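This report concerns only the one structure given below.
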Amino acid sequence: MRQPAVRLVRLGRLPYNELLALQERWLRRLQAEPGTEALSGTEAGALLLCEPAGPVYTSGLRGGLTPEETARLRALGAEVRTTGRGGLATFHGPGQLLCHPVLDLRRLGLRLRTHVAALEDCAVRLCEFQNLRGARGRPPPYTGVWLGERKICAIGVRCGRHITSHGLALNCSTDLVWFDHIVPCGLVGTGVTSLSEELQRHVTVDEVIPPFLDAFKETYKCTLISENSSN
């Protein structure tokens with residue numbers, strides 16, 4: 001049986017608001033027609049990859065930031081945005097891989113829960129590729145990928161009419177000090193880490209993209225088709 005295809009859109013370093021705008025264009029594209037006929041052939045959607053160009057704090061559908069906290073974070077020089085993903089407050093910034101799959105889950109034979117588990121599995125496989133064997137996903141409210149009590153990958157998704165958006169944020173060489181100004185994902189008593197912190201060497205976003213894409217193709221049982229980032 002022919003595997004479904006996913007458009008790979010590599011965006012490089014990009015302001016977060018531009019990622020959201022491109023995600024919205026893909027959402028409209030997939031929602032343009034009812035059923036599973038919005039895309040040609042066996043296409044299932046797009047995989048948007050980028051590294052945030054600057055520091056951004058985001059809150060999810062459950063909130064996570066008061067007006068006073070928002071003002072304090074903006075005073076640090078960061079953007080603050082409310083998004084439609086699940087979860088509470090987190091941080092995005094340089095040195096982080098952002099992966100936003102905009103997918104029609106029906107084309108992939110997935111449900112929302114298995115989609116989230118697949119995202120976790122991609123991050124776990126990437127950690128294992130880097131010889132970090134202790135990485136594991138955890139159930140809600142600890143959704144994401146952890147090394148002990150330190151979260152290395154946050155996951156927050158949105159799904160409507162079987163179409164997903166948002167996704168995961170994997171810390172590669174992220175400045176972890178930015179997380180000190182919030183309670184990440186509302187989880188008191190836990191920490192954050194990065195590939196660079198764990199491996200004691202500088203790990204770039206560009207370095208991890210190839211093994212991440214291999215993990216994505218294996219986990220989602222799809223092929224990836226490169227697409228110009230302007231689409």
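Glycine residues also receive a Cβ, built from the backbone N, Cα and C atoms like all the rest.
Annotations in TrEMBL come from automatic prediction, not curation.
If you look up TrEMBL, you'll see 41-224 marked as domain 'BPL/LPL catalytic'.
All chains included, 25 other C-beta atoms sit within 10 angstroms of the C-beta of Gly87 (substrate binding site). Under the heading substrate binding site, TrEMBL lists Arg85, Gly86, Gly87, Leu88, Ala89, Thr90, Phe91, His92, Ala154, Ile155, Gly156, Gly167, Leu168, Ala169.
The site 'Lowers pKa of active site Cys' annotation in TrEMBL covers Lys151.
As annotated by TrEMBL, active site, acyl-thioester intermediate applies to Cys185.
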*Could you work out which of the recorded positions (Arg85, Lys151) has its C-beta surrounded by the smallest number of other C-beta atoms within 10 A?*
Arg85
*For Leu168 (substrate binding site), what is the tally of other C-beta atoms lying within 10 angstroms of its C-beta?*
23
*Measure the Cβ-based neighbour count of Phe91 (substrate binding site), defined as the other Cβ atoms within 10 Å of its Cβ.*
26
_Just to verify a number: CA distance, Arg85 (substrate binding site) to Lys151 (site 'Lowers pKa of active site Cys'), in angstrom, no decimals._
18
*Please work out the mean pLDDT for the residues of the domain 'BPL/LPL catalytic' (41-224).*
92
*For the substrate binding residues given in the record (Arg85, Gly86, Gly87, Leu88, Ala89, Thr90, Phe91, His92, Ala154, Ile155, Gly156, Gly167, Leu168, Ala169), what is the largest pairwise C-alpha separation in angstrom?*
15
